[in-house]
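The following features are taken from Swiss-Prot:
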REGION    1-15  region 'Interaction with host EXOC1'
REGION    378-391  region 'Fusion peptide'
TOPO_DOM  1-101  topological domain 'Cytoplasmic'
TOPO_DOM  747-752  topological domain 'Cytoplasmic'
TRANSMEM  102-119  transmembrane segment
TRANSMEM  243-260  transmembrane segment
TRANSMEM  262-280  transmembrane segment
TRANSMEM  726-746  transmembrane segment
TRANSMEM  753-775  transmembrane segment
Amino acid sequence: MNNQRKKTGRPSFNMLKRARNRVSTGSQLAKRFSKGLLSGQGPMKLVMAFIAFLRFLAIPPTAGILARWSSFKKNGAIKVLRGFKKEISSMLNIMNRRKRSVTMLLMLLPTALAFHLTTRGGEPTLIVSKQERGKSLLFKTSAGVNMCTLIAMDLGELCEDTMTYKCPRITERQPDDVDCWCNATDTWVTYGTCSQTGEHRRDKRSVALAPHVGLGLETRTETWMSSEGAWKQIQKVETWALRHPGFTVIGLFLAHAIGTSITQKGIIFILLMLVTPSMAMRCVGIGNRDFVEGLSGATWVDVVLEHGSCVTTMAKNKPTLDIELLKTEVTNPAVLRKLCIEAKISNTTTDSRCPTQGEATLVEEQDANFVCRRTFVDRGWGNGCGLFGKGSFLTCAKFKCVTKLEGKIVQYENLKYSVIVTVHTGDQHQVGNETTEHGTIATITPQAPTSEIQLTDYGALTLDCSPRTGLDFNRVVLLTMKKKSWLVHKQWFLDLPLPWTSGASTSQETWNRQDLLVTFKTAHAKKQEVVVLGSQEGAMHTALTGATEIQTSGTTTIFAGHLKCRLKMDKLTLKGMSYVMCTGSFKLEKEVAETQHGTVLVQVKYEGTDAPCKIPFSSQDEKGVTQNGRLITANPIVIDKEKPVNIEAEPPFGESYIVVGSGEKALKLSWFKKGSSIGKMFEATARGARRMAILGDTAWDFGSIGGVFTSVGKLIHQIFGTAYGILFSGVSWTMKIGIGILLTWLGLNSRSTSLSMTCIAVGMVTLYLGVMVQADSGCVINWKGKELKCG
């Protein structure tokens with residue numbers, strides 16, 4: 001027997017209300033349905049249709065709908081929306097097939113014609129603005145009302161940078177690889193691509209420019225982006241500080257008084273020290289300095305002047321002269337070629353054809369100001385073609401250069417040289433000033449190579465110069481970019497991958513290779529974007545590393561060069577030759593300062609009463625014997641005993657005494673000069689070899705009185721150079737040196753006199769031609785850096 005209790009069944013009516021449950025009415029179902037939709041409940045397709053309904057009516061969705069929208073999976077939602085799109089397209093086609101009345105068209109056209117309608121080659125053209133994106137553009141044609149749809153993503157503000165292409169006619173197929181289509185006839189569309197601020201689209205990529213490193217010119221001028229200038233300034237600061245300790249202490253005191261912290265004091269002191277080297281003596285403050293000493297009775301001296309160096313000439317009974325090449329100017333150089341480093345494009349137009357319909361054509365292709373590119377693209381039903389295949393495609397864009405640089409040819413007849421000549425007078429103001437105030441400037445041109453300048457109290461000096469720069473201008477181009485200029489290799493300049501035009505001045509410039517600054521994007525069925533690269537100025541600055549930088553002043557360019565001059569000193573006289581020797585005592589005004597040329601500067605003040613007079617000056621050893629020192633300042637004299645006198649001299653190597661005055665009242669200064677005579681000889685030889693590498697054949701003319709010994713090297717090169725080059729053309733430099741040493745050794749050890757002399761002569765000539773520098777190649781020994789450089 002089953003004693004299990006049965007479950008109580010649900011009553012068929014409500015015991016409290018005493019009434020049966022009823023079926024919901026229609027209004028209750030509608031209320032429940034709408035409430036569920038507003039909260040985002042229901043099937044996906046139904047909810048998305050309701051969301052579209054709200055969007056059409058511009059009704060903001062509820063929080064529940066937004067939450068449900070966020071929960072939809074991407075693939076499923078896209079599939080539903082594509083179904084909506086297909087249904088709407090079908091509805092549009094049905095509506096387009098209906099016959100509309102004239103009244104209906106007149107009502108629709110004003111709302112659709114928010115764009116500008118024109119024609120291109122007899123075909124309709126729409127000029128649309130940014131607001132027309134995604135809208136239906138309606139206009140009347142001979143085939144009926146044409147409705148075009150434009151969904152271009154690059155649609156921007158109207159400007160000169162426009163995009164023009166043809167919208168194909170697509171009726172029953174889904175558009176493929178197009179962002180504009182029409183339903184009645186093919187239509188051209190034009191729109192701007194600028195941003196709201198009017199800026200054009202640019203590509204950030206830079207052109208790959210080959211660096212100029214390794215193609216630089218052998219001059220003493222600093223190269224672009226090198227550290228030479230900084231090191232030279234530091235060396236000048238060090239030399240000036242050691243020479244002027246009093247001013248250095250004053251600068252330190254000023255920095256301590258002005259600055260509030262250690263960092264500020266240090267910065268102020270460094271800035272003061274960087275400025276002070278501008279107060280230096282001409283030639284004394286220049287690192288590259290050459291001394292030329294003429295023989296007794298000399299009436300002329302040959303010198304070679306170059307930028308960044310100074311020449312000091314000395315001759316018996318003649319004043320000591322400091323000569324420096326201030327600048328080399330070139331006026332109105334001819335323009336060889338112009339390069340474009342920044343451009344802009346406009347009026348981009350594209351034409352495309354279906355397969356088997358021939359080549360695409362554009363009128364712009366015949367215009368030299370347009371850059372064009374042809375290609376082939378895939379065409380088919382989805383972009384207005386009845387056949388599938390490759391169709392012809394052509395895009396053109398108008399090219400305009402915004403920033404350009406010029407390459408100019410320098411001609412010898414357009415050169416002008418400025419040479420400054422300063423006399424060593426011992427004036428204290430002359431020592432403390434590097435300006436041209438105390439010197440006389442001569443101007444040399446190829447048309448007037450001779451100049452006579454008057455030196456106050458010292459007569460006249462005639463400069464007979466040969467305007468030979470030492471640079472082969474057939475291989476050099478003067479590159480000018482904005483306010484900067486460089487001397488560059490001509491072939492490097494011509495090989496730069498940048499748009500170029502000829503140097504001839506014309507009203508309309510025609511650029512070649514415009515495509516080097518233009519990027520054609522991926523070609524679509526009816527459209528291709530074209531963008532221009534950004535400014536290449538930064539890339540050019542990087543590529544110019546190692547080039548010789550040139551200063552420009554207006555239309556005149558100042559650059560590195562060389563000048564060979566003959567100084568005719570027959571009209572020069574030495575001031576104070578009739579004065580007697582000073583008998584009084586001298587007082588040292590400043591500590592003896594050593595220059596970077598091995599000379600010393602002595603500043604003394606005369607305490608006697610017999611001025612004007614000549615200053616006795618000599619260099620002696622500890623026993624009082626006069627040594628072979630050299631007095632750079634010729635015939636130092638005292639004019640006014642109240643003014644100090646500066647004397648430059650070259651003491652001998654080792655320990656010596658600088659004696660100023662005579663007798664027991666003489667001022668005796670102990671001095672020690674580092675180095676040796678043999679080392680100086682080798683260093684001078686190496687310096688001459690470097691000058692030869694820089695100046696070429698001009699360097700061999702450096703000397704005085706046209707001496708034979710200075711031309712021996714040139715003579716050997718001219719006689720034996722050609723034969724030597726033919727015999728040893730395939731032999732390495734080390735092998736040439738080895739052969740020369742071997743022949744010399746055989747000559748020294750040979751018992752036969754004739755054979756010995758022959759071997760020694762041939763060995764020495766071979767060794768000389770192998771070591772010394774010719775006009776086109778050679779080797780230089782750097783004794784200070786302990787290295788050998790060949791080139």
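The backbone N, Cα and C atoms fix where each Cβ goes, glycine too.
Sequence-distant contacts of the region 'Fusion peptide' (378-391) (same chain, at least 6 residues past either end, Cβ-Cβ under 8 Å): 168-170, 173-178, 181, 186, 352-357, 360, 525-526. For the region 'Fusion peptide' (378-391), the DSSP-based tally of helix, strand and coil residues reads 3 helix, 5 strand, 6 coil. DSSP states for the topological domain 'Cytoplasmic' (747-752), grouped as helix (H, G, I), strand (E, B) and coil, give 3 helix, 0 strand, 3 coil.
Within the same chain, residues 758-761, 763 sit at least 6 positions outside the topological domain 'Cytoplasmic' (747-752) and bring their C-beta atoms closer than 8 Å to a C-beta of that stretch. Predicted-model confidence for the topological domain 'Cytoplasmic' (747-752) is 76, expressed as mean pLDDT.
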